[in-house]
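J.: Let me begin by handing over the structure; questions about it come next.
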Amino acid sequence: MTPLYILTKKEYVQMFREFKIIWLPLVFMFLGATQPVVTYYLPSILAALGGNQGITIDPSMTQQDGAQVIAATLGSQFDQLGIMIIVISMMGIIQSDKANGMLDFILTRPVKVGAYIGGKLLSNFSFIAISVMLGYFVSYVYVNFLFNNIPFLEMILAIVFYLIWVLFILCFTFMISTIFNGQGVIALISIVCLLIFKIFSGLHPIIDLLNPAGMSQHAMMVLITGSIDSHLYGNMFITLVWITLTVTFSHYWISEKKYHKN
Amino acid sequence: MKLEIKNVTKKFKSKTAVNNFSMVVEHGQCVGLIGPNGAGKSTLIKIISDILYADKGEVLLDGKKISNMKREIGYLPQYPDFFHWMTAKETLFFMGQLSGISKEKLIDEVPAILTKVGLINEQNEKVQTFSGGMKQRLGIAQTLLHKPSFIVMDEPVSALDPIGRREVLNLIQEIKHDTTILLSTHILGDAEEICERFVIMKQGKKIEDTTINKLITNNQESVVHLEIASSDLKWVELIEKLPYVKNVELIGKRAKVRLDNVQLNKNRLLRDALESNIDIVKFEVGSSDTLEEIFLKMVVSV
Amino acid sequence: MKLHYGLNDFKDIDWLAVLQIAAPFIVVGLILILIALFDLYRHRNERSNVLLWTIVILFFNTIGPILYFTIGRKGEKPNEVRN
C-alpha cells in the first residue's frame, strides 16, 4: 500500500462519486459521433430543405473521405470543445486541494510530493485517455459505417500521437492549477494558451517542431496521408520535454511550498 | 521525544511573522503557545509541522530534521477540513493509510478511535454534513490514529461553541498522558486548564516561558479586594489618602486596594470601614492579578 | 422561398436509416441529461439556482448537462460555522 496507490485510488473514488466517470466519457463519445453524423447528413438535410430552391450541392464534392472526417473529429471537435471540457473538468485538480487545506494536510503525512503528483496525473491521465479513446472509437465506428474503412494501424498510430498532446494538455492545466488560486483564472489561462498552441500549429515547420499541438497535427496527417511525417519524432521528443518541464515545475512549486498565499 | 526549535525566523514579504524563536519541549510535556491574534503562533505551528519552511533556523525532533520524522507527528490544523465527499470512516482510512498503517490494522482501530472522539454513530456520514466541532473531533481522531509521539494543535478550541469546546478540551485532557503536546491558543483559560507550561509569544518573539505556578508567584502581590454598596463609593476616595494605602483601583463597585503591609494593615482598613459605617459586600485578601490580567499586562506592555 | 413543407418532401429521407445512426447519439444525450438531473436532485439543498439548472439541463441539449457538470456544481454551501 504505497501512498501513490492510495492517492490514485482516492482520485478514482472521487470521480466515481462525482459521476465524472460516466459523464466525461459520454461527452467525448458524443463529440466523436458529431463529426461523422453531421458531415454525412448535412448534404441530404440541405438538399431536402433546399429542395429545388436553387441550393444545389455537387454530390462529388460532398462525398468526403472517411480519413478526413475522423481527422476532423480530432482537429475540430476534440481540439476545441474537447480541450475546453478537459481543462474545465481538471482546473481544480490542485487548486481545490490548496483551497481546503488538504494539500497541506496530506503533506504532513509521510507522503512524497512526487507520490502526490504521480497519483493525480496517473489517475486523471488514464481516465481522460480512456474517455478520449472511447470518443475516438465511436467516431471510427461511425466513419466505417457511413463512409469508408480506415486502416486499423493508422487509426491506432493517430490516437497514440494524439494522446501525447492530451497528456500535455493535462500537465499544462496541472501546472497552471498549481500556480494560480482562482478557478476562473486557471481555466482562462489554460484554455487561451492551449488554443493559441493549436492555432499556431501548421503555420511554420520550425514552430511546429517546438509546438506540443503539433502532435495533434501529426495525428491528423497520419490519418489523411497514411504516412508519418519526418518531423514527427523531433516533435514528439520536444513535446515530451515540455511535459517533463511542466511536471518538474509543479513539483518544484509544491515542494518549495510556493503555493501558500502569503 | 524531544522537540528543539532553534532560532526560527520566518518573513512574509515585509512582515516578520516569527522572529528568532527558540525553545525546547521535553518528552511528555504539554506546552501551551499563547499570544494575541497575529503573534505568529499559526506560522510557528506550521513550521513545526513542516507545512512552511523557516527562512532561518531549524526544527529538530529527537535531533533529526522534522521532514524525516512525519510519522511521529500528529498535526491538527486550525480549521480541519477534509474531502467533503468522504465519510468520517473513509477519511480516517485515507489518512491512516497515508501514514503507513495497514488496512487490517485500521479495520480494528478506526471504530475504537471514532468511539473515543464520539463520532461512532456518524461514521458513515459525509464530512460535508459535519459541524465545526465534529470536524475538529474528526481532526483529533486523525491526529491520534498513527499514535504519534508528538502532537501539534493549532487553536484546537478557539472556533468552537461552548459545548464543542468542552468536548475537545476533555479529549485533550485524556490524550495528554500518552503524548507530548504543543498547542496554540489565544484564550488563556483553555491553556491553563490543559497545560503546565506556557510560552507566550508577541510579534513573533518569545516573551515568556514559564509554568503556571511560577507565573502566579512572580506576579503575586497581595491586595485587598473590596466590594461595597454604591452609595458609599465616596469613602474609597477618602482611603486613598490614608498613609498605609499605596493606591486604589476602582472598577465599578469593586476596588482593588494596595497596602504597605497587607498583614498588618488589612485590619486597620477594615476597622476604618466599620467606623465609617460602610455597607461592605465583600472584603477579601488575594493575589493582585488573575492569570488573564498577568497575560494581558505582558502582551500589552512588553 | 417555400416555408411550408408537405410530407412528400420528407419521403426522400430514409427515416429508418437515420434512426439507426442517430439512436446512439440520442441515447448518449439522454443519459447525460438523466445523470445531471439525478445529481442535481441529490444535491438540491446545497446548490444555488436549482430551477435554473433544471431548465438548462433539459432544454440545452447535451451542452446543458456538460455545463452543469463542469461549472454548475460550484455552488456548494460554504463550510459550517467557523466562529
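Just so you know, glycine gets a Cβ as well, placed from its N, Cα and C.
Just so it is clear, the model here is predicted, and its values are computed rather than measured.
Pulled these features from TrEMBL for this protein:
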- A:21-42: transmembrane segment (TRANSMEM)
- A:121-143: transmembrane segment (TRANSMEM)
- A:155-176: transmembrane segment (TRANSMEM)
- A:185-207: transmembrane segment (TRANSMEM)
- A:232-254: transmembrane segment (TRANSMEM)
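For each feature listed, report its degree of burial, its nearest neighbours and the pertinent distances within the displayed model.
T.: If you look at the transmembrane segment (A:185-207), the same-chain residues 6 or more away from its ends with a CB under 8 A from one of its CBs are 79-80, 83-84, 87-88, 91-92, 95, 169, 172-173, 176-177, 213-214, 216-217, 231.
If one looks beyond the transmembrane segment (A:232-254) by at least 6 residues along the same chain, the residues whose Cβ comes under 8 Å of a Cβ in the stretch are 94, 103, 107, 113-114, 116-117, 121, 161, 164-165, 167-168, 171-172, 174-175, 178-179, 208-212, 214-215, 218.
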J.: In the same chain, who gets a Cβ under 8 Å from the transmembrane segment (A:155-176) while lying at least 6 residues past its ends?
T.: 70-71, 74, 78, 83, 86-87, 90-91, 93-94, 117, 120-121, 124-125, 128-129, 132-133, 136, 140, 186, 189-190, 193-194, 212-213, 215-216, 218-220, 222-223, 228, 232, 236, 239-240, 242-243, 246-247, 249-250, 253
